[in-house]
Structures are given as structure tokens and as C-alpha cells.
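Asker: Mind having a look at this structure? Questions to follow.
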Amino acid sequence: MKYIVALDQGTTSSRAILFDESQNIIGVAQKEFTQIYPNEGWVEHDPMEIWSSQSGVLSEVIARAGISQHDIIALGITNQRETTIVWDKNTGKPVYNAIVWQCRRTAKICDELKEIEGFSDYVKDNTGLLVDAYFSGTKIKWILDNVEGARERAEKGELLFGTVDTWLIWKLTNGKIHATDYTNASRTMLYNIKELKWDEKILETLNIPKSMLPEVKDSSGTFGYANLGGKGGHRIPIAGVAGDQQSALFGQACFEEGESKNTYGTGCFLLMNTGEKFVKSNNGLITTIAIGLNGKVQYALEGSVFVGGASVQWLRDELKLISDSKDTEYFARKVKDSAGVYVVPAFVGLGAPYWDMYARGAILGLTRGANKNHIIRATLESIAYQTKDVLKAMEEDSGIKLNGLKVDGGAAANNFLMEFQADILGESVKRPTVLETTALGAAYLAGLAVGFWENKNEIKQKWVLDKEFTPNMPKEERDKKYAGWLKAVERTKKWEE
């Protein structure tokens, strides 16, 4: 038997997942690592700990499955996106901790960049992104400006930059390969996703030497070889690389224009494949590269909901209405509807398509008969409403009709939520049997490159449906409920002065 290993380097843990040809999961190994918070709003990881945890679980998953390294035909990598590492090209030592995507330390740099006439528009038109602390560009600038000697060393060509995928490729190949894929490059705010090259104008504005940047390659193809077991060990091709959300889109076999996926985690991440069209959003969504294959790219629109599953944690930990998040389905089904109650979980403001940082959460429409079941049900419904908000914006921006929604992530296991999602969208919602779609995407990309799977058609056929939820709600009722949601959202806006 031959296998593929997907390395899934996430924000809180590193995982390795072993797949066979039929996409069965043969083994999983996982190790959490340290979150570092040096100041308020700052988040860092130790790059050496990212590497040791990731290489550790790789060895562990092979040993536990009782197979030989020679049975592994390829490695795929998927990773937390935007997180930024700068290291010395000769010693391989990081000059600073990894600055994580969540870190807000460069917000001030972003404010200054926004003052430059036309710069924000230029970034949006060419990288598809917003000028924001979330993306890698300003994080690199911060390291060069604040770490002693970093700028001089970078200008001499001694330092390299990479997102987490690039760092892992560098370490796996013993410093031979400095490369990334199209999807990860598209999250740096430095990559021109129309011309498919590093953008000189942005590099100049941020004062980042081009010599630091990795080579950008197809998401599926040989990046280099991982030497497991040192000299004379088995060399395994690193053959697939994609950022986590794009990898999940691929793992859901969303290969056609209009196909979309939602990952229901703490927040929700929605991506819609827009094919070969670069679609500029007028609704606060970002445009990104969905995947790069054979020197060509497909684009996607991306929108995120800040509070998805986190609202269920709030019911459990703060309101103490439930003891386990799985109980929400039982309570939601005890009432026939939410009795006009709406929960708007704008705890940290509202994300796409509203972008109101000053909105705050609210429970609206309460009457004397409203009870805990209505509030629990309305909280689950809020996740579906917010998903609809983003998908509606995607349809408006792209002019592409939504072609069903594929779902994954923790809350996708909640049947009540999935039924309501289908009802409120008026579209089918498809849940796969393999919910590890992020890792599966990386495995697919690697497998295609080495001929483990022949082509995308074979993958599409192997994608197995667990359950399809179809809409049963009359249009009139759907429109009325959604209008109530929009009214509730209006009430929460600009609450904080």
C-alpha cells in the first residue's frame, strides 16, 4: 500500500494525517505548541517550536501506523496563513519570533500607509486585499524596522522571509528550497495576483528587499524532497502546498465557478470559486487566489464571520444555558421556531459585509413567553444568517449564482444548524464524510502531482457525501425571517462610541 501524508500546521497545533488512495484516514498525530502574548493585541509563535512539533508528528504518524517511510509517496503541506517568519539564510536561525496572523501590532503602520494617496486602492486592485495588520506585508516591515541589524542584513541579501509553508519546506529540504505556492503568496499583501509576480511598487513603499522573498510555484507539483532519516534516508517529494482555507476549498472539490465552502469554526470562513475571473468586491470581501495549477490560477472571493461557533461557547461558558455545545441541537428542536427572537453575536463588531468595529451583541424581539430554548435556537440561527450575509455579497460582487454550499468544521456536525442553513439560503447544503477537508486538500494536491490520483475528475468522484440538506422553508417565510435578521443587525450597529 502507498500513502500520502498531509502536514496541517495550524494556529494552535501541528498535525500530520495519513491518507490512503480511497481517502480513508489511516492515522492522525497532533501536538499543541505555545502561544506567546508579549503585549496586548500581540501574538507570536516560536518558529523552532513550529518546526519541532510538525516534524515530531510526522515521525509519530508513520511509526504509529506501523508503515515504512518507503510507503509514503508524497507529502502535502497546508498552513495557517499570513503568519510571518524571517530567518538568516546561512544559519537558518529566525531573527525574531513568528508574527501570527491575529497579531495587531502593525495597525499603526497600516494607518500610515492608508494616508498615502491612492495606496489602499492600488493594494485592493492588485493584491485583492485590504491594507490591514492581518496580512504579512506590514509584519515583515515591522521586523526589519524593529529588530536590531535586520534591515542591514536584509539589504545585504542575508535574510529570508516565508509564510509557514515556506519555513517548513526550507526545514524539510535542509535549507535547499526557498519557495511558496500561489495561495500563500496571495496572502502577503505583496503579491500581484493579476500579473502573478511580486509587486515592485508595494515592496518599494514598504521598503522590503525583493531578495528576501520566496519563489512562487504551482500549488501542486514537486517543491523539493524531504529527507526523512538523515543522509541516505528516504527522499519524499513535497508535492502539494496551499493555505488552510484554500486547501479546504480544494478538499471539498470546489473546482468550478460558483462552488463554495463554509468552514464553521470559532468564526466562519467562506470561499467561493470565481474561476479565472479576478472579481473586485464592493462589499468588503477580499479577492484571493483559490489555487494555482499548471501555471494558471483560479480566483476566489473570501469573507469571514468573526463569531460562529464562539457564540455557542458563550451560551455554555457565560450564560450557562448548556453544559455541552452538542446539546444546542436538542434544545433548539424543543420549540417550533425562535418566536421572533434574534441573537446578533457582534461581540467584537461585525465582519463581512458590514465591517462595523463598533457594533455590539444583542438579543432582540424578546416577549414574556421567550425562554432559553428560543435563545439557544436563535443563537444557532445567527450562524446561518451571517453565512447568508456573506454569500449574498459574493453573488452580488461576482454576478455568479451560488451553486450549493459544501460545509466542514466543528459546527457542521449540528444537523439543526445545517437544516436551517439550507432553508435560509434556499440552496442545498452538502456535508462530506471526511470533515478533515483542509488536510485532504493538501493530500489531493500532492497526490495529483505524483500520479496517486489521476486528475480532478477522479477526486470529484472520490469525494463522498455524508448528508445533503435541502431547503423545505417556503420563500415567503424565508424572506420574512431574513428581513427580521437585517433589522436586528441594524439595531446593533455603531453601538460603541
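Using the three backbone atoms N, Cα and C, a Cβ is placed for every residue, glycine included.
According to Swiss-Prot, the protein has these features:
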BINDING   T11, R15, T266, G309, G410, N414  ADP binding site
BINDING   T11, T12, S13, T266, G309, Q313, G410  ATP binding site
BINDING   T11, R81, E82, Y134, D244  sn-glycerol 3-phosphate binding site
BINDING   R81, E82, Y134, D244, Q245  glycerol binding site
Asker: Between the binding-site residues Q245, T266, N414, whose Cβ has more other Cβ atoms within 10 Å than any of the rest?
Answerer: Q245
Asker: Quick check for the class: what is the C-alpha distance, in angstrom and rounded, between T266 (ADP binding site) and Q313 (ATP binding site)?
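Answerer: Distance between the two Cα atoms comes out at 9 Å.
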Asker: Which are the residues of the chain, T11, R81, E82, Y134, D244 excluded, whose CB is within 8 A of where the CB atoms of the sn-glycerol 3-phosphate site average out, their centroid?
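Answerer: Close Cβ neighbours, site residues excluded: N79, Q80, T83, V100, W101, R187, G243, Q245.
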Asker: What is the number of other Cβ atoms found within 10 Å of the Cβ of G410 (ADP binding site)?
Answerer: 15
Asker: Relative to the Cβ position of D244 (sn-glycerol 3-phosphate binding site), how many further Cβ atoms are located within 10 Å?
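Answerer: Result for D244 (sn-glycerol 3-phosphate binding site): 26 neighbouring Cβ atoms inside 10 Å.
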Asker: Rounded to a whole number, what is the top Cα to Cα distance in Å among the residues the record ties to ADP, namely T11, R15, T266, G309, G410, N414?
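Answerer: 24 Å is the greatest Cα spacing among the residues binding ADP.
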Asker: Quick check for the class: what is the C-alpha distance, in angstrom and rounded, between Q245 (glycerol binding site) and Y134 (sn-glycerol 3-phosphate binding site)?
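Answerer: About 15 Å separates the two Cα atoms.
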